[in-house]
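**Q** The structure follows.
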Amino acid sequence: MASEPFTFGPHKINPAEVFYTTSLSFAMVNLRPVLPVKRFVDLSADETIDLWLTAKKVAGQLEHYHKASSLTFTIQDGPQAGQTVPHVHIHIVPRKAGDFKENDEIYDAIDQKEKELKQKLDVDKERKDRSSEERAQEAEEYRKLLL
């Protein structure tokens, strides 16, 4: 495991919260593979391939782990698209029947989360920040899935 923090836009990510890495991407407990590039069109062909292969691998394991039946993948590319962290990243959200009244409400929830970073995808509940230990424990569980 890396000892130096990962960089996510202006944010530093504790290595204990990262559960999968490749030479170009990483996945952290809040389910967002990232690359140190601001916009999708700036990715090289190798970075694009790596990002989507990483998303595919992580998503399949998380769907199974969470006993979900579907997945939502989103990229908010640029500020007018709702991107608040200036790095390419994919939101991977395991989905279950009825998790939102209307299926597309998830996009509003993701947009709200990106803007406020204080609200959980379950918009009916207030988000409580988790401790570093809680995030590290979740990453450890996911890390085992991807061995």
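Quick reminder: no glycine exception, Cβ is built from N, Cα and C everywhere.
Got these off TrEMBL a minute ago, pasting:
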type	residues	note
ACT_SITE	His89	active site, tele-AMP-histidine intermediate
BINDING	His11, Asn30, Gln76, Gly82, Gln83, Thr84, Val85, His91	substrate binding site
DOMAIN	1-102	domain 'HIT'
REGION	121-147	region 'Disordered'
MOTIF	87-91	motif 'Histidine triad motif'
SITE	Tyr107	site 'Important for induction of apoptosis'
**Q** In the structure shown, which of the binding-site residues Gln76, Gln83, Thr84 has the fewest Cβ neighbours within 10 Å?
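**A** Comparing Cβ neighbours within 10 Å for the binding-site residues Gln76, Gln83, Thr84, Thr84 has the fewest.
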**Q** By DSSP, how many residues in the motif 'Histidine triad motif' (87-91) are helix, how many strand, and how many coil?
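**A** Tallied per class, the motif 'Histidine triad motif' (87-91) gives 0 helix, 3 strand, 2 coil.
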**Q** Going by DSSP, how much of the domain 'HIT' (1-102) is helix, how much is strand and how much is coil, in residues?
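**A** Split by secondary structure, the domain 'HIT' (1-102) comes out as 30 helix, 27 strand, 45 coil.
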**Q** Using a 10 Å cut-off, grab the number of neighbouring Cβ atoms around the Cβ of Tyr107 (site 'Important for induction of apoptosis'), all chains included.
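**A** For Tyr107 (site 'Important for induction of apoptosis'), the 10 Å Cβ neighbour count is 15.
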**Q** Round to the nearest Å and give the CA-to-CA distance linking the residue listed as 'active site, tele-AMP-histidine intermediate' with Gln76 (substrate binding site).
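**A** Pair distance, Cα basis, whole Å: 8 Å.
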**Q** Rounded to the nearest angstrom, how far is the Cα of Tyr107 (site 'Important for induction of apoptosis') from the Cα of Gln76 (substrate binding site)?
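**A** Per the Cα atoms, Gln76 (substrate binding site) and Tyr107 (site 'Important for induction of apoptosis') stand 10 Å apart.
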**Q** Round to a whole number and give the Cα-to-Cα distance in Å for the pair Thr84 (substrate binding site) and Tyr107 (site 'Important for induction of apoptosis').
**A** 15
**Q** Can you tell me the mean pLDDT for the motif 'Histidine triad motif' (87-91)?
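**A** Within the motif 'Histidine triad motif' (87-91), the model's average pLDDT equals 88.
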**Q** In whole Å, note down how far the CA of Tyr107 (site 'Important for induction of apoptosis') lies from the CA of Val85 (substrate binding site).
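**A** That separation, Cα to Cα, works out to 17 Å.
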**Q** What residue among the recorded positions His11, His89, His91 has the most other CB atoms lying within 10 A of its CB?
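**A** The largest 10 Å Cβ neighbour count belongs to His89.
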